[in-house]
Every structure is written in C-alpha cells, then in structure tokens.
Amino acid sequence: MIHIEGVRWTYAGATTPSLDDLTLDVQRGETVVLCGPSGSGKSSALRLMNGLVPHFHEGRLDGSVHLDGRAVADLSLDQLGRLTGTVLQHPRRQFFTGRSETELAFAMENFGEPPEQIRERVAAGIDEHGLTGFAGRRLQDLSGGQQQQVACAAAATHRPPVLLFDEPTSNLSAAAIERFTATLARLRADRATVVIAEHRLHFLRGLADRVVVLRDGAVHRQWSGEQFSTLDDDALRAEGLRSSVPPPRPKPLRAQGLGPSIDHDTTSMTASGTGVTLHAVSCAFHGRRVLDIETAYLAAGVVTAITGPNGAGKSTLARILTGLQRHQGEILLDGRRFTRSQRQRAGSIVMQDVQRQLFTDTVEAELRLGASRDAGQEQRLQALLRDLDLDPVRDRHPLSLSGGQQQRLVVAAARLSGRRIVVFDEPSSGVDRRHLHSITRVMRDLAGEGAVVILITHDSELLTHTADQELRLRPISP
Amino acid sequence: MTTTTSTERRLDVRMSPKDLINIGIFAALYLVVLYAINMIGFASPVAVLVSLPASIVACGIPFMLFLTRVHHAGVVTIFAVITGGLLLLGGHPPISFAVTIVCALVAEAILWSGRYRSRRLSVLAYAAYSAWYVGPMLPIFYARHDYFSSPSMQNMGADYTRQMEDLLSPAVVAAFDVSTIFFGLLGGLLGLRLLRKHFEKAGLA
Amino acid sequence: MTSAPLALAERTAGRPAGRARRLDPRTKAILVLASSLVVMAPGGTPFIPAAIVLGVLLALSEGAWARAVLLPLTSAAVAAAAYLLPMALPYPVIGFVAAFAAYLLRFAAVGGVALHLLRTTTPTELTAALRAARIPRAITTSAAVMLRFLPTIATEARAVRDAMRLRGVGGWAGMLRHPVLSIERFTVPLIASSLRVAEDLSAAALLRGLGSATRPTAMHPPRLGVADLAAVGLVAALVTATVLW
C-alpha cells in the first residue's frame with residue numbers, strides 16, 4: 001500500500017537531513033507503529049506518506065514514495081487527501097469548523113460529494129465513532145479525548161484506505177487512551193491500513209502488526225507484533241523508548257482542598273505553613289461558574305500536580321495563582337494577603353505552546369529578559385544551559401530551535417526568574433525521555449528553593465515521577 | 001529522482017491553495033493586531049491618538065511578513081477584499097471598502113514594478129495600503145451637511161457652523177491621510193527590520 | 001472603530017429544527033449592505049430610525065433581548081451627544097466630538113443589523129453562503145481561512161499578553177516608554193505562535209481538499225425561504241414609512 005524507497009529528506013533551512021535512506025513498506029490492512037526518540041524522523045515519515053512532504057513542507061527530497069501504486073510526487077495534496085486520513089498531534093489545531101457534524105462533512109464538501117451522500121456518511125460517522133453524546137457541543141469545549149474521537153471520525157468519513165496518526169495519545173487521559181485503542185481496533189478490523197507515530201507504547205500491545213524503531217531518519221530495528229509483546233522494559237529503554245507496560249497507578253498525596261471544584265475529600269485542614277492558601281476562591285465566565293474552591297493549600301517547597309478533565313478549571317486556577325485572572329475570594333502567601341498584582345510579579349508560567357513567550361533574538365538574551373540579577377545568577381545560567389542541552393544553541397534565535405529546545409528554553413527562563421510561583425502547563429507533550437528527566441529536575445530544584453511549583457498534566461508517568469501531592473479538580477455540575 | 005520545493009515561484013495570477021490559505025491566515029493576523037492595539041484606544045479619546053498610529057505601525061509587521069511569503073499578483077487585492085469585506089459586514093461604510101480596494105490596487109502596482117520581490121517597494125506598498133485608514137472616517141466629512149443642516153445645528157448660529165465646517169474640511173482629511181501614509185512607512189520599515197531580526201532567523205520569512 | 005468581527009458565533013449551529021425559520025446568510029448580508037449603503041450615504045440621516053427598528057426586530061427574532069433594549073438606548077444617548085450637547089456647551093472641541101457622535105449614530109444603526117449577521121452565522125455557514133453567491137474561489141477560500149483563524153489568533157493574542165505581563169514587559173508604562181519595543185514584543189510571539197498553529201491547520205485543510213479546483217458542495221446548502229421573503233417585505237415597509245414621513 002505504502003512503498004518508500006531510499007528516501008532522503010532535508011527541510012529547507014536545515015543542515016542535516018531528517019530522513020536519511022529510509023526504506024519501508026506497509027502492506028494493505030497492516031497496522032504499523034513508528035517509534036523512536038524525538039528527532040528520529042517519525043513525523044517526517046508520516047508526512048512522506050500523506051504527501052505533506054514534499055508538497056507542503058519545503059525542502060529537498062531524494063528517493064521514491066508510492067501510495068497505492070502511484071508516485072506521491074505526481075499527485076496534488078487534495079488527491080493525496082482522498083487516499084489518506086491524517087490525525088495530527090493536537091486535534092483541536094486541525095479542526096476547521098466548530099461542530100462535529102460540520103467537521104466530519106468538511107473533507108467531503110471540498111471533494112465536491114453530493115449533499116445527500118455527505119449527510120448519510122456524516123450520520124454514520126457520528127454513530128460509529130461514538131460521538132452522539134456530544135455531537136451538539138462546540139468542539140473547543142470538548143475534552144482532549146473527545147476531540148481526538150472527532151478528529152479520528154473526521155479523518156475517516158471520506159473512507160480513505162490509509163489512516164495516519166501522529167502521537168495520538170500525547171494529550172490523552174488513561175480512559176481516553178482506552179477509547180482510542182478501541183477505535184484503532186475497529187479500523188484494523190475494517191482492513192484499513194494504519195500507521196501510528198508514537199512514543200508511548202503500552203496501549204499498542206496486541207494492536208500493532210509491526211513496530212518500527214527509527215533512528216537518525218532511517219529504520220533502526222523492527223519487531224513483529226508478537227516479538228513486541230514479549231519485550232521487557234529494559235529492552236525498550238535501551239532503544240530510548242518509553243515504557244510499554246501501563247505505569248502503576250500514581251499515588252501522590254492529596255493536596256488539602258475543599259469545595260465544589262475539588263474532586264477528593266480532604267480529611268482535615270491543618271494549619272498551613274509556607275505556601276499559598278486560597279479562601280473562597282471562585283471564578284465565572286459569562287455567568288457560568290468554572291471554579292469554586294472553598295479552601296485549598298498549596299505548599300511551598302513541593303511540586304503540586306493539578307489534575308482533572310478538561311473544563312475542570314485547571315488553567316483558570318493557574319491563571320488565578322499567577323494573578324492573570326480576576327476572581328472572587330482571597331489568596332494568601334505565607335499567611336499574608338497576596339494581591340493580584342503581587343502575584344503577577346511573583347508568578348511564572350511555562351505555557352503549553354511556548355512560542356507565545358519567546359520575545360528576544362538569542363537564547364541567552366531570552367534567559368536574561370526579566371531574570372533577577374542577584375549574585376550566582378550567571379553561574380546558574382551557565383549550568384542550566386548545559387543541563388538542559390541548550391549550550392550548543394546559545395546564540396541561535398529562539399524561534400529557530402526545535403519544539404523541544406524551545407520548551408527547555410522557557411523552562412530555563414522560568415528557573416532563572418526567581419519567582420515564588422512557577423506553573424508548568426503540560427510540559428511533557430512531545431518531549432522524549434531524557435529531556436523529560438531534565439525538566440523534572442528543574443521542577444525539583446525550584447521546589448528545593450522554596451517555590452510553589454504547580455504541574456498541570458495528564459501524563460501519569462510524569463505525575464508519578466515528579467509530583468509530591470495532587471490537587472484533583474472536577475467540573476462543577478450546573 | 002529529486003524534488004526540491006521552495007518559495008521561489010513564477011509571477012503567476014493563479015494562486016495555489018496554499019497561497020490562498022496564507023492570505024487568510026495573514027488577514028486574520030492583521031485584523032487581530034489592528035483590533036488588539038485599538039482596544040487600548042477605547043479607554044479614552046486621547047488614547048485613540050496613540051493607538052491609531054500605533055496600530056498602523058504594528059500591522060506593518062504581519063503585512064511585511066505576508067509579502068515575503070506570497071509572491072503572486074493579486075495577493076494584496078484578495079487580502080483587501082476579505083479584510084475590508086468582513087469590516088463591511090461588520091457595519092463599516094461601503095465607501096471604506098471602496099477606498100481599501102483602491103489602496104490595495106495602488107499597493108499591487110507598486111509591488112508589480114518590483115516583480116513582487118523587492119523589499120523596499122514592499123515598504124512603500126504597505127504605506128500606500130495604510131491609506132485605507134481614512135475610509136471609515138470619510139462619512140464624517142462627506143456627509144457633514146446632513147449634520148449641519150439638522151434643526152439643532154441651525155440653532156447654533158452661522159459662526160459656529162462655519163467654524164465646525166472648517167474643522168471638517170477636505171484639507172483635514174488630506175492631512176489625516178498623509179499621516180496614515182507616514183505611519184504606514186514607519187510600520188513597513190519596522191516590519192522590514194523585524195524580518196531580519198526575527199523572522200528570517202526563525203525560518204518564517 | 002472595529003466592530004467586533006471576532007464574535008462570529010458557533011452557538012446557533014447544530015439546531016436544524018430552527019433552520020427553516022432563520023434567515024439565509026445571504027439575506028442577512030444583503031440587509032447589512034443595504035442599510036449601510038442608505039444610512040452612510042449623504043442625506044442618509046432620515047433612514048437611521050428605520051435601520052434601528054430593523055436592528056431591534058432582528059435582535060428580537062434571535063432572542064437577543066439585551067441587544068433589543070440596548071440598541072435604541074445607546075442610539076438615543078449618542079444622538080443626544082450629537083445634537084443636544086453642542087447647545088449646552090458651544091465650544092469647537094465639543095463640536096468636534098458631537099460631529100463624531102453624529103457619525104457614530106449612523107455606525108450604531110448599521111451595527112445593529114450587522115450584529116445579527118455576526119452573532120447568528122457560523123463561519124461555515126457564511127462560507128457556504130459566499131460560495132452560493134458565486135463569489136470567486138480565491139476569495140471564498142481565503143475568507144474561510146480568515147474566519148476560522150480570527151478566534152484562534154485572538155486566543156493567542158491574549159496568551160501573549162499574559163506572558164508579557166508575567167515577564168514584566170507588558171503594561172501601560174512600558175507601552176508609553178518604549179512603544180516600538182512593546183509592539184515588537186507583542187507582535188513577534190503572536191505571529192510566531194499563530195503561524196505554528198496555522199501550520200497544522202493548513203496542512204490538515206489542504207489534505208482535506210480546501211482550495212482545490214473541485215467545486216465544493218455543502219452538506220446543508222443555503223436555501224431562501226419564507227423568512228427571507230418576510231424580511232424583504234419588512235424592509236420595503238420601513239423604507240416606505242421613512243420616505244412618506
């Protein structure tokens with residue numbers, strides 16, 4: 001079905017090729033998993049299969065790619081789109097419309113299919129992919145897992161023979177991963193050809209016909225589905241892959257909290273030490289309460305994870321803690337009143353999309369912007385550059401770095417800011433194992449210096465490794 | 001077999017789907033920057049004096065980047081039709097839409113003379129395009145007689161009306177327009193500088 | 001001056017039951033253009049009340065009670081500033097403000113009709129309407145992308161503003177002291193992050209055939225109905241009333 005031979009691909013502006021002598025065949029009806037450390041060429045390989053390389057991304061391509069017997073280079077993107085359905089890493093970024101129904105119809109409308117047929121297929125897609133429960137709601141209000149379901153349905157509605165998934169589980173909760181696994185199983189049963197680029201592997205046991213490890217843009221190693229399910233954790237770690245066994249249920253301590261937004265019972269509220277205390281904090285948008293906390297205590301010197309489904313108010317709480325969001329109620333730091341503008345000066349966030357917070361034109365300048373200038377700062381800066389693997393790029397423009405490097409840069413800037421409240425919003429998406437550890441270390445260091453460190457995450461692996469306590473939020477029932 | 005894709009394309013009126021998408025993205029960026037900076041101006045009438053020129057300057061940045069990404073005849077015109085069209089559907093006067101299109105055509109002519117590749121001419125093109133800012137204000141001027149002939153203005157006396165008519169004269173319109181072109185030049189130059197400082201290094205230009 | 005185009009609503013979609021009773025997006029657009037052409041023209045002042053009545057009726061038809069009340073109240077206040085204020089304070093500065101208010105009154109009158117379009121039409125519907133109105137593909141495609149992107153980029157803009165505040169590079173003082181630097185620090189991350197988001201969306205849209213040479217169809221093609229006929233009748237009545245009065 002997919003035939004890739006001797007491909008070498010270099011993105012415009014890059015010095016080293018992203019794919020180097022890649023040869024890979026995928027049979028009709030096969031489910032193939034591509035894995036490997038970040039930068040190994042997983043995403044580029046997928047782009048090769050749907051023709052975004054070379055038709056959308058610019059660069060230089062050698063070798064040949066055939067899809068269903070036709071040369072990809074000779075097809076236009078919309079022709080390729082009829083043959084492939086693609087689900088990107090962030091489904092919400094690929095939605096073109098506001099609702100499930102219109103999103104499912106989008107491709108077929110553009111392909112000029114007759115309206116009756118579109119209506120029929122869309123209705124079938126909503127049914128098959130289990131979207132009925134939330135088909136009327138706005139896509140942006142859905143949970144990450146639901147968005148993923150819609151994206152899968154939208155990719156499959158026009159019935160392409162090939163389906164491609166780029167890191168489909170990077171933002172999903174455990175329950176959503178289970179639903180996604182069921183979708184995969186169904187697609188597989190329908191004899192679709194499926195290729196998945198992923199570095200979380202545990203959910204793919206029994207689903208993959210073949211697991212291909214990429215390294216430096218070429219196939220480094222292949223396992224059949226049976227071989228893969230007998231591999232132990234150490235063998236995977238040797239390849240730089242994340243564990244394939246479902247991680248044990250994490251058991252960080254429950255943070256102290258009480259109120260409609262808090263998803264657990266706290267036994268008793270002990271007198272607080274240093275850190276942030278919330279009293280009767282609530283927040284509403286357009287008359288709808290999104291957060292309501294009677295009382296909560298986020299201790300200094302520890303990493304507190306804020307977890308919970310989409311719409312539970314995690315980001316709202318983070319914005320309140322850093323003084324960005326107006327709210328009702330009172331917040332104290334170390335027992336003293338802590339106003340909104342004080343919080344703004346004491347807070348720092350590592351955002352999910354870090355490009356939003358890169359302001360200057362070199363890595364070093366970025367680290368110095370807004371950083372405190374006390375003694376020892378210079379040393380800390382140099383150590384941090386080495387620690388986070390940023391030393392070789394210190395003079396580069398932040399926007400020219402890879403996504404992972406940009407994220408580490410923002411983490412480093414937060415580390416140097418000397419702020420008392422530091423929020424990490426989903427820091428593990430798209431980060432491989434080695435760098436995940438260095439980011440974890442930064443969080444620990446910050447906590448060690450007495451900061452209130454907040455970690456917003458769905459990633460159970462990160463949660464177990466990093467969080468000391470967990471504040472679990474839930475959506476307020478109306 | 002080797003395929004090389006890059007931004008180098010012929011001067012061609014037929015735009016690829018990717019070009020059309022780029023126009024849409026930059027049109028949205030332009031409107032959001034325009035709107036975000038002008039939001040500051042809602043604070044008070046005095047702030048408008050700062051925010052209006054600031055928004056002209058700021059919009060030069062996405063506009064200049066836009067011109068490095070799409071090199072087809074007609075890009076600025078489509079850009080003008082969709083941004084001006086949305087403002088028109090949002091209640092802006094029809095004359096403003098017409099002015100926007102005229103400004104776009106002038107900008108296109110300037111860009112054309114540089115085969116859509118000259119950066120210096122791009123600065124001029126942005127300055128020319130910025131003259132559309134006068135559009136939304138035009139009804140104040142061309143329809144001023146409506147206002148001064150209203151019964152309540154008749155009560156104000158001839159002196160007052162004459163003073164006011166002078167204040168809303170074509171010369172004032174012209175001065176306003178010249179100032180928008182001036183700030184447009186500044187915006188184009190700033191855009192050019194930031195292209196070199198940021199966007200080229202980032203691989204976005 | 002920019003009347004919130006960012007507010008294009010998604011909330012009315014997915015209610016097929018209401019589809020028959022609602023106006024066709026093309027009709028709504030024509031109502032806006034017609035009121036704009038008449039009210040903004042020299043000698044258009046007499047048509048302002050008619051446009052406001054139209055705006056109120058449209059607001060009532062969509063159940064936007066607040067707008068139905070606020071539109072005439074705001075218009076009355078602006079009219080007072082335009083026509084009564086100079087009598088109380090006959091200074092040139094006030095006169096200028098009053099002349100501006102006279103213009104704002106026209107703007108408010110058209111804006112009432114425009115808000116109905118923006119609040120009740122989803123980008124998808126508007127694009128389908130533009131296509132049905134036989135507007136060239138180059139314009140409908142780029143307009144569809146623009147409409148899709150406005151809310152996304154507005155979200156990015158708010159996030160960049162947040163990031164600026166936490167880095168201590170935002171705020172009024174900074175804007176006045178270093179206006180150009182502030183503009184740079186706002187627009188550069190905004191553009192960078194928006195283009196990053198745009199990349200995924202463009203790729204997905206291209207693969208799903210957006211902008212291809214095929215003539216697109218619509219799952220629910222826009223159709224003119226009784227409501228549109230009623231709207232035309234209403235406008236005719238309002239115009240007649242204004243002219244005869």
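FYI, residue positions are counted from 1 along the chain as it appears here.
For all residues, glycine too, the Cβ spot is worked out from N, Cα and C.
The transmembrane segment annotation in TrEMBL covers B:20-40 (among others). Beyond the ends of the transmembrane segment (B:20-40), by six or more residues, the same chain brings 47, 50-52, 54-55, 58-59, 61-63, 65-66, 69-70, 75, 78-79, 82-83, 86 to within a C-beta distance below 8 angstroms of the stretch.
Feature annotation from TrEMBL assigns transmembrane segment to B:46-66 (among others).
Counting same-chain residues at least six beyond the ends of the transmembrane segment (B:73-89), those with a Cβ under 8 angstroms from any Cβ of the stretch are 11-13, 15, 19-20, 23-24, 26-27, 30-31, 66-67, 96-97, 100-101, 103-105, 107-108, 111-112, 116, 125, 129, 132, 136. If you look up TrEMBL, you'll see B:73-89 (among others) marked as transmembrane segment.
Beyond the transmembrane segment (B:95-112), the same-chain residues lying 6 or more positions past its ends with a Cβ under 8 Å from any Cβ of the stretch are 67, 73-74, 76-77, 79-81, 83-85, 87-88, 118, 121-122, 124-126, 128-132, 134-136, 138-139, 142. Taken from TrEMBL, the feature transmembrane segment covers B:95-112 (among others).
According to TrEMBL, the feature transmembrane segment maps to B:124-143 (among others).
Beyond the transmembrane segment (B:171-192), the same-chain residues lying 6 or more positions past its ends with a Cβ under 8 Å from any Cβ of the stretch are 53, 56-65, 119, 122-131, 133-134, 137-138, 141. Annotation comment: TrEMBL describes B:171-192 (among others) as transmembrane segment.
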